[in-house]
Amino acid sequence: MVKTAVKVFVRTRPTATNSSGVKIGSDGQSISVNVPKDQSAGIINNQQESFSFKFDGVLENVSQDAAYTAVAHEVVDGLMAGYNGTIFCYGQTGAGKTFTMSGGSSGYAHRGIIPRTLHHVFREVDMRVDKMYRVHVSYLEIYNEQLYDLLGEPGSSEGLAVLEDTNNNAYVRGLTLVPVRSEEEALAQFFLGEQGRTTAGHVLNAESSRSHTVFTVHVEMRTSDAASERAVLSKLNLVDLAGSERTKKTGVTGQTLKEAQFINRSLSFLEQTVNSLSRRDAYVPFRQTKLTAVLRDALGGNCKTVMIANIWAEPSHTEETLSTLRFASRVRTLTTQLAVNESSDPGLLLRRYERQIKELKAELAMRDTLSGRSRVSYDDPTDDELRELHSTARRFLAGEADVEELPADSLKRVREAFKALRAVHAAVKGELGGQLAAMRRAATEEGAQAAAQATGAGSGGGVGEVDPRAAAGFTVGQAPLDARPPQTRSEFGTAGGDGGAAAAAAAAAAQAPLGAQLSSLTDVASTVGGGAADGAQRSPSGASVGGVGFAGGAATAAAARLSAIFAVPGDRNAVFRKYKTDVAEGRELADALKAAMTALKETRGSIKSLGESVNEAKKRIDELNAALALRRGAAPAGGDGEVLDSETYALLQDLKSVKQRYRADFDGLKEAREELEPRIQGVAVARAALLEGFDSWAAGQSEGALRRMAAAARAVPGTPGEEDDELDAGEAFERMQLARITERDPDSLAYHAALRRSGAAAPGAAGPGAGAAGSGGGAKAAAAASRRLEQTQTMNRGAAR
């Protein structure tokens with residue numbers, strides 16, 4: 001593990017009235033706060049006036065792109081290398097935490113760290129063709145100390161709980177992990193989760209976040225599809241904390257006050273946790289709140305952590321600014337332990353172990369053959385072999401078999417022989433113990449009955465005189481013939497525990513020699529021994545992209561006029577065909593569009609063919625590597641590794657040529673992909689020019705002429721292949737917007753497509769109370785209803801006044 005310090009950056013919110021008490025050093029890393037003395041304290045006032053802090057960077061009036069480069073770029077690179085990461089924003093309400101993390105509502109240029117991180121991740125995935133990646137995303141919200149799954153189905157947040165795995169890493173049980181295959185899909189999930197967040201109006205922020213959120217990107221990386229069982233797992237937590245505030249200063253009431261109390265309490269416990277870690281206390285209160293439990297890895301575990309302290313440098317917020325900087329300075333003293341998170345696929349490991357066992361068995365068989373020994377079985381013994389082994393053990397204990405008859409050709413069979421001997425010994429010992437106990441009880445009962453009969457008979461038949469001193473005992477004399485109790489099977493049945501027949505057999509066997517006893521207990525020993533052996537050896541096992549919805553007034557008016565003229569379905573397309581064939585301007589624009597589409601089709605075809613060639617070459621490389629590995633494994637253990645046979649040399653030559661072909665095709669594929677975006681942009685621009693030319697031409701024609709042209713064009717069917725260019729007003733408008741977006745910034749296509757796909761506004765554009773009816777439900781819905789009731793009552797009081 002590598003010990004690394006937590007990095008802290010300070011970002012200031014631009015203000016119109018900048019506080020003269022907050023000054024940033026020329027090095028871009030230090031900041032000082034000057035707090036004037038309170039004159040009401042009197043003449044003797046030892047209040048500290050100046051406070052200085054130093055961090056890893058102070059971001060003042062910087063763009064979102066510059067902030068991402070300074071704060072998150074290194075962490076995302078570590079994510080792709082297998083290291084966990086966490087970036088979290090801390091500060092007062094209205095200081096710009098959500099703007100920094102999610103972005104603003106003004107458009108693509110102001111997107112925050114989360115959208116830029118997703119773009120960075122999938123750009124790296126596309127570039128690293130020699131590795132296989134799987135990406136999942138999750139979105140967690142902590143509202144009033146309750147966990148909510150922003151990407152789950154309604155009601156799925158009931159069973160969420162923060163737990164620890166075997167490595168003391170925190171995770172949320174039941175949280176939805178959504179697999180994403182592209183930047184567009186990941187952004188769509190992010191925008192979907194943003195719709196479920198809890199926001200509300202506040203005196204310091206019109207769209208204040210009333211909950212903590214954690215957006216997590218999970219990345220799994222493998223070298224190839226089947227070449228290695230090693231997988232590198234990493235995750236990046238992007239945390240947007242709710243703002244701390246002084247309720248006495250803000251004067252909030254009702255539901256907003258309740259939310260502020262929960263927010264301040266969780267942030268206070270976060271500060272206590274940081275203080276305990278900085279003091280290196282033996283006990284760290286991670287479990288006091290849901291927030292500290294979730295951030296356990298980020299504060300002291302296996303994670304590369306970066307904190308962004310957002311401050312509002314205005315004179316009215318000097319106390320909050322000073323408090324934020326103090327907390328940030330304590331966080332900067334923390335250290336974390338970095339290590340690559342490697343995991344092994346159990347299925348692949350099992351197949352590798354089976355292959356190794358098979359190879360070792362083959363080596364043992366070869367050694368036995370070379371040493372002149374008969375073929376030895378190293379597999380588990382069968383039932384027949386176990387029964388034969390137990391029979392040999394019984395005969396050995398009875399003296400009927402020599403020691404040479406016990407198996408000694410393999411260690412496994414030697415162990416089985418010892419197990420059989422122990423099983424037979426235990427079986428004989430148990431049987432003989434039962435027999436002896438039965439005999440002792442029978443003898444005791446016989447002596448008691450004989451004494452009773454002798455006492456009852458008096459002196460008749462006795463020999464000698466009765467000894468008075470032996471009154472308490474019994475006399476020794478000749479017992480009558482009928483004095484002995486009959487030896488029935490019922491007398492011995494109580495001793496054996498298995499019935500009278502078993503006891504009689506045991507009594508008879510007790511008089512026989514040891515060999516006969518072992519022979520009579522054949523079935524018992526076989527059963528017990530077989531069961532023991534079985535128990536010891538066998539255990540149970542078981543493509544499309546779209547624009548955004550905005551239009552100018554002139555375009556809307558022209559579209560409305562054309563829609564009124566072309567009331568009959570198909571009229572517009574018919575006139576559009578006429579424009580492309582009969583009007584000189586239309587023919588030129590249509591030919592330009594066809595040329596651009598032909599070039600795009602050729603480029604896509606080239607990308608497809610080169611991609612297939614690259615995939616085939618990669619597959620062939622894996623096959624050749626596997627074949628070489630098999631040949632290396634089959635080589636003699638003591639052989640010279642530098643001497644190559646003809647087949648190995650041929651495989652190496654083939655591998656070299658395939659790698660050269662792979663590199664050439666990959667370079668060609670990279671160039672073709674670089675040409676794809678200009679081709680797409682050219683088609684979009686040509687299509688937009690054709691549609692705009694048609695609209696402008698149609699606007700200059702009279703209504704009657706357009707109707708006559710449409711009627712004449714309907715009588716003549718269009719040529720095959722032109723249906724692709726017949727677009728309705730909505731589709732044409734979307735294509736125009738796509739062309740504009742592509743011309744402005746091709747990288748923004750995925751962002752706008754995800755916005756359109758999720759049906760959401762840009763981050764930060766949600767109205768107050770958003771998310772109350774989302775996947776959270778329950779407490780969130782009740783809070784939204786309470787907030788609406790408070791607003792209604794406030795409005796009624798204002799109207800009454």
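Placement of Cβ uses the backbone N, Cα and C atoms for every residue, glycine included.
Taken from TrEMBL as is:
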- GLY91, GLN92, THR93, GLY94, ALA95, GLY96, LYS97, THR98: ATP binding site (BINDING)
- 766-779: compositional bias 'Gly residues' (COMPBIAS)
- 791-801: compositional bias 'Polar residues' (COMPBIAS)
- 5-334: domain 'Kinesin motor' (DOMAIN)
- 476-497: region 'Disordered' (REGION)
- 758-801: region 'Disordered' (REGION)
- request: Go through GLY91, GLY96, our binding-site residues, and report the one whose Cβ sees the most other Cβ atoms within 10 Å.
  value: GLY91
Query: For the binding-site residues listed here, GLN92, THR93, THR98, which shows the highest count of neighbouring CB atoms within 10 A?
result: THR98
Query: What kind of secondary structure is LYS97 (ATP binding site) part of, going by DSSP in three states?
result: helix
- prompt: Counting every protein chain present, what is the number of Cβ atoms, excluding its own, within 10 Å of the Cβ of GLY94 (ATP binding site)?
  reply: 22
Field: Segment-level pLDDT (mean, integer) for the domain 'Kinesin motor' (5-334)
entry: 86
Task: Report the same-chain neighbours of ALA95 (ATP binding site): residues 6+ apart in sequence with Cβ closer than 8 Å to its Cβ, ordered by sequence.
output: ARG13, GLY243, ASN310, ILE311, TRP312, THR324
Cβ neighbour count (within 10 Å, all chains shown) around LYS97 (ATP binding site): 27
